[in-house]
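Beneath this line is the structure, given in structure tokens, with notes to follow.
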Amino acid sequence: MRIGFAANPKKDGAIDTRDELMRCCAAQGVCCALVEDAAALAGCGALDALVVAGGDGSLLRFAAAAAACGVPLLGINLGRIGFLSELSRTMFPAALERLRAGDYLIERRMMLRCSLNGGEPFYCLNDVLVSRESLSGVAQIAIDIDGTPVGTVFCDGVIAATPTGSTAYTLSAGGPILASGLDAIAVTPVCPHTLHFRPIVTAPGAQIRFCTADGGVILADGTRVSEVRRGDVLLVTGAERTCSFLRFEKSDLFRLIREKLS
């Protein structure tokens, strides 16, 4: 067995936690690999798992790279919420024993495939946001789904989210909570200046296009990936790949919501 270890260097205690977990593995004869960042993952060779010390945001930074490499993620939660991060640092030794014994589940989560003006695709686990760039003014974003115009909305931005992302920014914007077993995409405007535009839930294979009238920015899983200019088109659909997580208990979304968002 060979396990990769990563940490969010900006999170207090994350690097110390990562190093502690690596020592725990080494003491049991498990081969370890240090993964400095998401870009380095592809060069690490075959891994049975990638353990990330941090929070949900830390896991999101590795999600696209892990999905591309087919490596399941295991989160060690040092953050505030921890929807995706299953374990605390003290739970890891017992989890390692179960991992070595094959006593675990693989949970696969839907991802989004996005491309700007037909360019190189990028992938996200939670959501993609088309937003105005400045704090003043509003964005004017036209939306169509499978070639059918939905409408133009004046807003701060529009989010396309997976079920995993439906409990993140989309939830704060008033979007629906999607059960984690679904394959679907939620389209939710942020602060729309209208009484009539409501969140939309589409099939995972839907071709969703956003066209901005004024330019702005695109953020995927909270990371800025591109500027957009007037007339640019962002295409969003369900990805052909999924992101895998190691689980030691079956996920209970609504328990997590009660415990972490109440």
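Cβ atoms here come from the backbone N, Cα and C positions, even for glycine.
Taken straight from TrEMBL:
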| type | residues | note |
| --- | --- | --- |
| ACT_SITE | Asp56 | active site, proton acceptor |
| BINDING | Asp56, Gly57, Arg61, Asn126, Asp127, Asp156, Thr167, Ala168, Tyr169, Thr170, Leu171, Ser172 | NAD(+) binding site |
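Here the features listed in TrEMBL are placed on the structure.
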residue : record                       : Cβ neighbours (10 Å)
Asp56   : active site, proton acceptor : 23
Arg61   : NAD(+) binding site          : 18
Asp127  : NAD(+) binding site          : 27
Thr167  : NAD(+) binding site          : 24
Tyr169  : NAD(+) binding site          : 20
Leu171  : NAD(+) binding site          : 17
Problem - Rounded Cα separation (Å) that holds between Asp56 (active site, proton acceptor) and Tyr169 (NAD(+) binding site) - result: 13
Completion exercise
Asp127 (NAD(+) binding site) falls, by three-state DSSP, under strand
